[in-house]
Amino acid sequence: MATLTVPNATATARPRVLRSRAAGKLLLLALLTAVLLPFLGRWGNGAWPHALTVDLTKPLTTASDWIIDNRDSHPLFLYFFGYVSDAVVLSVRAVYLTLLAAGWPGVTVFAALVAWRVAGVRLAAGTAVAFLACGVLGMWVPTMQTLALMVVAVLVSVVVGALLGLAGGLSERLDRALRPVLDTMQVLPAFAYLLPVVLVFGIGVPAAVLATVVYAAPPMARLTALGLRGADPEVLEAVESLGATRRQRLLTARIPLARKELLLGLNQTIMMALSMAVIASVIGAGGLGDRVYQALASVDVGAALAAGIPIVLLAVVLDRVTAAAGSGAEAADQRPRAIGWLYALAATVAVALAARLLTALDWPSGATVNIAEPVNRAVDWMTSHLYSGVPVIGGTADWAGHFTTWVLDPVRDGLQWLPWWSVLLVVAALAWLIGTWRTALTAVLAMAAIGVLGVWEPSLDTLSQVLAAVAVTLVLGFATGVAAARSDRVERVLRPVLDVFQTMPQFVYLIPVVALFGVGRAPAVAAAVVYALPAVVRITAQGLRQVDPAALESARSLGATGRQQLWQVQLPLARRSLLLAVNQGVVLVLAVVIIGGLVGGGALGYNAVFGLAQGDLATGLVAGAAIVCLGLMLDRVTQPTERRTRKGA
Amino acid sequence: MTLNVPNVPTRKPPTDAPVFSVDGLWKVFGPKSERVPADPELAALPAAELRTRTGCTAAVRDVSFDVRKGEVFVVMGLSGSGKSTLVRCLTRLIEPTAGTIAIDGEDVRAMDRARLRELRRHRAAMVFQHFGLLPHRTVLDNVAYGLEIQGVSRAERRERAAEVVAKVGLDGMEKRRPAQLSGGQRQRVGLARALAVDPEVLLFDEPFSALDPLIRRDMQEEVARLHSEEGRTMVFITHDLTEALKLGDRIALMRDGEVVQLGTPEEIVGSPADDYVREFVRDIPREQVMTARRAMRPAHAGESGHGPAVRPDATVAEAIEAVARAGAPARVMDEGKCLGVVDSDRLLGVVAGVDEAAVDPEPQEAANAPRREQVTETAPVSTTPEAV
């Protein structure tokens, strides 16, 4: 298609088009295609040609078999991975036993005291209520399992991330080497990290912890480096002018000055660790995620919800408390110190001992509420009444069916019908128009790699779901974002909703969509839309609000209407934010569409889950690699030029 | 020098010996910057041409001066004139490209890291334009920071810091954080931090440019007060000529990295070295800067016995007031000796700037001929020996 339109355009408006850079790029691409087409066409014009694929199944299976055979004998495993694995298991076990020894009264009191210390009374009460709710829902033990895994994973992530960040913050060269790696790691779907870890460690707690560490450490590293680099140069100069040694400068100035970024890094690391600890149930993490996973597998929405609510509560509490620690860093000093750390610890021990004496360590079995059954009854009622046949509006299952038939299927079939080289061409054109030739090259190579891996068809299936979800997300997100930017009231209403939605782990979104739409591709898309929407709304609203007020004022003084202001001033000036919103939307949607494989989304996500579930690591690894490539491609295609140039500077 | 190898500071500098002695100092930014000062042809190039030819920017070009003990030495120039770079070169916060810097006769550029740290810790402390305070520390801990770096014990450094905090007028604010202070208060903390280490020289890098005019005046008075109380040597960077004239014992006026003129405020205002300086000082109220010494003429017979008395370093403005009140010429008295007399004609001449001809070696007869006649008539002898 591109080959047809471009010559046309040049014929009608030649001088002008030639002056435009965009058209120049397209023309060059068209030319390239025209030259290469006879050669490329040799391999056919349909899906990715078979001649160009490399079958990795066999070598991967061999490798995986070799690892399984040698896991107990090869020195590499005995003396390195073995120790790592043992250390992880031991520490998770230790934390878990400590939590159990403290009992529910001890843990609740300790959590509340910590929240009080760093974030004030209100959050302390919220924390206590959240923990008690976990007990009431009958989820105390799984909550503690998840918590134990998270504590270990977060500690390791923070140490690893802080060390990497320190290196990046102090050395220019290391920073330049690390940054693209960390940036890329941040856009990859969580699922992609599971398979390589499983390959080495097998399914179980060590793999889950390490996958979590790999997923959660990058934000800590990035923010540490950012904080160290962002220190006010005049303060550092003043410190140097007083004769500080390098070590003194680091300890007394650079690290304290980066406190805000460090705490933000801690916050993000904790949130990502929770998200991953839940997803890692697929590879044997146990705990809450496992309950959700099992329940979803048997479409038992009630049980899934009972395990999902504690996840959400945990997420909200952890986020609020750590965020308060970060933002309250300056304000905290005026507040009288509510309680010292030692007192908090002592109180915990006292409560735990008292509980032990009263033999009340385990959550009393009488004090649980079984919500699974009523929820399932409600879902059954919904299934019978709302799924289909509701007059005029139809039912939710009807919507899902229509969406699949009228949107997902055509997009998928269309993508799969396209000649393989034209997909590459479109990718190149988009990436080059929005970014630089470098991003375009990466995107094309990533897309081609998918073909070479032999998963062209399922990848395009996943891509079709991503495109549909992104389209819906952007329409809804931009509209809501514009509304929030233009009306303070809308923003006030939206803010708490967005806050909660942004803290929830991806996995949790699957529960309500399964309740509403059943299983299939449409629910996966719906979950992805819900997951990505808050970020898009927020970035859009922020971008519009940050438009230079002087520009808006001058437009108003010239008599522009509200609509004119929006279209002619705000939207063009917020272009960067809008592109960023698209980029974020795409990345987030992909993450959930992949997880959607658990609820019948099929395609790459299913391959990965299948590989894990059946021990067919070759299939899973290929799917994982394809997910990585897809993530890279989508990120690069939507990456605005400015981001790249800013990084270079 | 080779004889003094056991490097003990044997020679005790006399009071007029320079604290800082800067000679032929260059700072060039850019690739292979060392070649610029070394090559006389490159060194002579104007800034724009230097950049196109070599890609280098000369921030400081061949600057030489001495800072005497106990004086306030002001480096004044517009932004981009290289003055901030210059002051950073003194303690090698920016590494100079060429030239020599000596503090009390010791070569700063030859110092190793430990010695340099010693210099920064004990001998020269700096006050910064945007204060450079540590936001996470209280006022007291900020002031004590320099001592902490030196390894002074907690109790002692707090005690010493508390004294300095009181000295700069921040009593009762020890527990606050920089974010809770106004700009002027923050700069007092910056000043206190520098004073706390009891340095030999205080370096000020445009310390008051970020402050409101009224606060700025307060702070200038504070610095003047500290100087008169302690007599500490100060190097003061500013872009504000009024500030320079108010505080400086001597002023080095910089332009494009070079020192255009170096002299007392009176010399700068009274005898600008070139048109650039003249343009600069045009709007300065001369009566505030010029002294009675410059305006006086020899006493006629009988004048030295009566009439109001002014000191020779009194400003012309003060002399005008004395003359106006008495309705008669005033005597310029120094330690009971009458040096000369100022009358209204002489004073007006100084204010109008037409006395320049008396000291200005530039022949401007054609233009100023009629006025000069008048001046020479009333001023038969040049009375400003220092200005020449």
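From the backbone N, Cα and C atoms, a Cβ is placed for every residue, glycine too.
Keep in mind that what you see is a predicted model, and the values were worked out from it rather than measured.
Among the ranges A:466-487, A:510-531, the stretch that TrEMBL annotates as transmembrane segment is A:466-487. Counting Cβ pairs under 8 Å that are 6 or more residues apart, the transmembrane segment (A:94-116) and the transmembrane segment (A:618-637) reach fewer than 3 and are not in contact. Sequence-distant residue pairs (6 or more apart) of the transmembrane segment (A:466-487) and the transmembrane segment (A:440-459) include fewer than 3 whose Cβ atoms are under 8 Å, leaving the two stretches without contact. Sequence-distant neighbours of the transmembrane segment (A:338-358) (same chain, 6+ residues past either end, Cβ-Cβ under 8 Å): 101-106, 109-110, 113-114, 116-117, 120-121. Here the transmembrane segment (A:440-459) has long-range neighbours at 47-48, 52-56, 416, 420, 423-424, 427-428, 430-432, 602-604, 606-607, 622-623, 625-626, 629-630, 632-633, 636-637, meaning same-chain residues at least 6 beyond its ends whose C-beta is under 8 angstroms from one of its own.
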